[in-house]
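This report refers to the structure that appears directly beneath it.
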Amino acid sequence: MKPVPEQNDRCGFPSKEVIERNSIMNTVKVRNIEIGAGIPKICVPIVGVTREEILAAAETIKSTKADVVEWRVDWYEDIFDFAKTEETMKALREVLGETPILFTFRTSKEGGEKSIETETYVELNQNAAKTGLVDLVDVEAFTGDDAVKAVVETAHANGVKVIASNHDFHKTPAKDEIVSRLRKMQELGADIPKIAVMPQNKKDVLTLLSATEEMASEYADRPIITMSMSGTGVISRLCGEVFGSALTFGAVGKVSAPGQMGIEDLTTVLGLLHKSL
Ligand SMILES: O=C1C[C@@](O)(C(=O)O)C[C@@H](O)[C@@H]1O
């Protein structure tokens, strides 16, 4: 008789433990937004350089259906002066009211505007979390485990959630590699693991979707975010509710990555899919 695999019961179905583990999907609540429940949430990035541009973008976004606003601080001209950064953050919070704010310094290594020393990067994210003005911080998962854990610890101590991220602007890694990166982010204590990859062909988009489905159904006990970038990958920004990606980035004006759709079209498509599920 063949040995029964540990994962399965005697009839070959998933064991109780596996089913229980798979059914525990914690959502992440930031202000009034529950990430991981229902329609994927829409996050709109702000990529202004000056304080005026940033606040003007926030005013425009405020009148849209954005669930979350990402402040891409690597674009901001005064980001290395924390007093100025905090003032702009305060003004941004005043404009956005209850809309959750995600604080993101995207390093040039992962497609962002500026490079930064690891120590400064950790300190910047910790300081942002300590202000109480932002709701989420993005930490690049491959900054080094100690650095990531330090940001997670400070963020959590201040009631701020952490999105761990990884970006490949050139290619799409193999499915197992994508899953293993997302699992690592979960192990490092991130509230939401996220990966963005570039497809070189349509099969790469399927690889990303398949990795998303596997991670979401077999390993994740929290929401995840995935996307395949550019026009070839745009479908992945629309079908998160089917395959298991809890949030999608949409543009109001300037995009922050290739393939982002305008928020109005995005809202329509997400709504249409939701109705038919
Ligand atoms: O990580 C991401 C995802 C993203 O790169 C995208 O492809 O939509 C856009 C970035 O602004 C954000 O920080």
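From the backbone N, Cα and C atoms, a Cβ is placed for every residue, glycine too.
Keep in mind that TrEMBL annotations are predicted by a computer and have not been checked by a curator.
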Notebook entry, point to check: Which one of R93, R237 goes with E70, W71, R72, R106, S256, Q260 at the 3-dehydroquinate site, as TrEMBL has it?
Noted result: R237
Next item on the list: Please report the DSSP secondary structure of K194 (active site, schiff-base intermediate with substrate), reduced to three states.
Entry: strand
Note to self: Near ligand 1, meaning Cβ under 6 Å from any of its atoms: which of the binding-site residues W71, R237, S256 fit that description?
What the structure shows: S256
Notebook entry, point to check: Distance between W71 (3-dehydroquinate binding site) and H167 (active site, proton donor/acceptor) at the Cα atoms, whole Å?
Noted result: 17
Margin query: For the C-alpha pair, I'd like the distance in angstrom between R237 (3-dehydroquinate binding site) and K194 (active site, schiff-base intermediate with substrate), rounded off.
Written below: 13
Note to self: Please list, in sequence order, the residues in the chain of E70 (3-dehydroquinate binding site) that are at least six apart in sequence and whose C-beta is under 8 Å away from its C-beta.
What the structure shows: C43, V44, P45, I46, I101, L102, T104, D138, F249, S256
Notebook entry, point to check: Rounded to an integer, what is the Cα-Cα distance in Å between R72 (3-dehydroquinate binding site) and K194 (active site, schiff-base intermediate with substrate)?
Noted result: 16
